[in-house]
């Protein structure tokens, strides 16, 4: 069966997406936790240890607090409370921390620092999986043992107001609730007002035991304008007043009931310097945790500095405070200051219950648990505890009892600390079988692409896939039987859950059929390559064939980038790799341009055809004489000159200056956004522009950028699209002015701030109009096959529509990124690709490299915190999942997408060869498959690495998204190639 190169590459990438998805499902397991405590009778609590005399304390201790109020402020950083902002904007909270009846902590949140995993950690005490960063968009019901479920089982009446994530995690647990969406980040006022409006009536009622309030406004302000925004101070003052209202109400109730209540102020995660979160920087993981109660009396002169604890410690503390069993999967330890005012026997009882729970968890997860230091410390503490109980029951009140009690308490605290640390370090249970199946699929696709290079890059751009040959069929059936037998053996002997084994036999069989077919195709390609090798002696390679400097740069750059993924520091600072590669590429182009200008025709004999020396021609079969020189002719520009010497004077000088202009643009863009980890905190031009003191400068820059965008894009658009583009860009400025990012010329300040819904939707209409016009032209070109201009205009209009959408979603200070992207594309098209007659393969690689560089020029990194989710809500007044996810993904990957779109437009309009798009699609698929395949192997081998969750896992998610976008790009390439063929 014969397939075109583009169609073959698109099919391969789609299969690779399936393989990557299966690998990710195994690498990020999402197991359903045991819910035994909710389905069966709860286990009785461990009795009090004793030696000689029997203790009569076998039940859970009574609750320490009558009512508990949890006030969770989303994205509340520790310095917002304990720093200068807390002193200035939260005076009441500061008073409670410094002089009031409270205990203050800095709670560390483990990555990923997004809401849903952090809520799970707070209520279960366990460490959620990293895949929860994806499931955060649609939280499933929590089946794992947790404080909320225990409270409901104990008959506690709970009320919740705030982020609807709680309602999804704990359905039917609250007697009263009002959920608000956490994803509509443009709203930072109503989202909190909807919580506060219930407070007055609820605080006056006495028919509840637990009240949970989750405020989202602070997080939304961070996403919109960052932690330095003046809105932060106003929001902190609002939260301080609410805290004072709640605390005052609880104190008045305590005077009537004579029973202490507990008020908990905490954050789920922090906020980075850009206002986002999700990663592991200090600003994102350090959150305040303040326990406020009249039971925590403070003597005069008692100075309590905030202690560093783990966020998971809150679950055990709440369980003890409410008289509930500690969640069975909790790895946290009881916050001892919350019970240090209790009698010694109660203190030791609480600590013993926590230690027993942690030791059981250790026994279930560590086979050699008896050798663990924490378990040995626990056993020692338990023996000492038994001795203390014996002395206590004998009514011994000597100093020996007091000293022994102090020793037991210290021993328990050491054991808890060691047990908690040991359990927190336990690695995830990987689904190795699913990971292996996904890896095999990805590697088979990469191998098949490599072996198909000679045929795929020939002038016909076609290759033969021998699906129906007898040898192929025999090998296929044999492989299918072997894989089926292996599947049965693995799934019947697996001790832990396996996603691939849980699939239906139809789906699992389909995957095995796919793997068998790919393996047979690989074997067939290898056989052809060896057969071609035999012919090599009869048809020696062309003696003049050699690689150019540009090909060497491309090959070494691609290889170097793949190898750099093996180091965590290179992953954190990957933008430096792409900046270096783009700069090196510019220097290589500069050398090529100068050689053509000064040597002229003398250099022509030394130039081999690009088709023969392209970077992808690494297979020996390329030198096969059966693939003649004519088949590998490069794709020349239909109207381009044959040499730089034929250019007019100023054009020649522009060509010679073009690499240096591009280098200058790249250097300016590097100064715009500091990204990565090591230098992300350093000031950059973007921070300077976004500060409130330089709003006028930002407004001028945004206006000039929008004018430049129009000037660079409109040149090939139809008149209708030009008008739509002009009005759309005007709407972009109006939208940013409406939400207060920039100013109109007649404005002095930005007091009248709105959500900009009308302005954003105004732009969306023009984006859809331009895309519709371009699609109409493409369909029209199918009817009028002779009119090639209609198709090129249609492709450029689709590209223009995407540019307008990017201008709308980009923050104002990032608009120069879009301008420089268009400028570099224009310079490369006119003065590099056309005059130097680069082939489709080289042009594709250059587009790919620049697309990756512009991904980082936007301020992105391999850190989840740099994802600007506010872009997903431009023009939306409520959270709608599909458009929000699409807009966020497009804004994040705008660089690669726009450069790929420009590649399609350029090759369709500037080349006469009908196979250019097929070659480009194949090369794009190949160069994207290299890093994905290598990275999958890398993270498998480094799955127990110290930085596997903080560094390698976020990059793996980016690679998964990247290969999905690559599949969409390749499908678009193939569709355009089919229109070329029909034309």
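Every residue, even glycine, has its Cβ placed from backbone N, Cα and C.
Annotated transmembrane segment per TrEMBL: 7-28 (among others), in sequence order.
Feature annotation from TrEMBL assigns region 'Disordered' to 35-58.
For 432-453 (among others), the entry in TrEMBL reads transmembrane segment. Only residues 6 or more beyond the boundaries of the transmembrane segment (432-453), in the same chain, are considered here, and those with a CB under 8 A from a CB of the stretch are 8-9, 12-13, 15-16, 18-27, 463, 490-491, 494, 498-501, 511, 514-515, 518-519, 521-522, 525-526, 529, 616-619, 621-622, 922, 925-926, 929-930, 932-933, 936-937, 940.
Per TrEMBL, the feature transmembrane segment maps to 465-490 (among others).
For 502-531 (among others), the entry in TrEMBL reads transmembrane segment.
The average per-residue pLDDT of the prediction over the domain 'GPI ethanolamine phosphate transferase 2 C-terminal' (652-959) is 88, rounded to a whole number. Taken from TrEMBL, the feature domain 'GPI ethanolamine phosphate transferase 2 C-terminal' applies to 652-959.
Residues or ranges marked as transmembrane segment in TrEMBL: 696-713 (among others).
Residues or ranges marked as transmembrane segment by TrEMBL: 725-744 (among others).
Sequence annotations record features per position, and here TrEMBL assigns transmembrane segment to 793-810 (among others).
The transmembrane segment annotation in TrEMBL covers 884-909 (among others).
Tertiary proximity for the transmembrane segment (921-944) is limited to same-chain residues at least six positions away from its ends with a CB under 8 Å from its CB atoms, namely 5-6, 8-10, 12-13, 16, 20, 23, 27, 427, 430, 435, 438-439, 442-443, 445-446, 449-450, 452-453, 456-457, 461, 558, 561-562, 565-566, 616, 840-841, 844-845, 848, 900, 903, 952-953, 955-956, 959, 962-963, 966, 969-970, 973-974, 977. Under the heading transmembrane segment, TrEMBL lists 921-944 (among others).
Remote same-chain partners of the transmembrane segment (956-976), defined as residues 6 or more beyond its termini with a Cβ less than 8 Å from a stretch Cβ, comprise 4, 6-7, 9-10, 13-14, 16-17, 20-21, 24, 27, 133-134, 795, 862, 864, 889, 893, 896-897, 900, 904, 908, 917, 920-921, 924-925, 928-929, 931-932, 935-936, 939. Residues annotated as transmembrane segment in TrEMBL: 956-976 (among others).
In terms of C-beta pairs under 8 Å, the stretch of 7-28, 696-713, 725-744, 884-909 lying closest in packing to the transmembrane segment (793-810) is 884-909.
Remote same-chain partners of the transmembrane segment (696-713), defined as residues 6 or more beyond its termini with a Cβ less than 8 Å from a stretch Cβ, comprise 689-690, 725-726, 729-730, 732-733, 736-737, 741-744, 800, 803, 807, 812-813, 815-816, 818-819, 822-823, 826.
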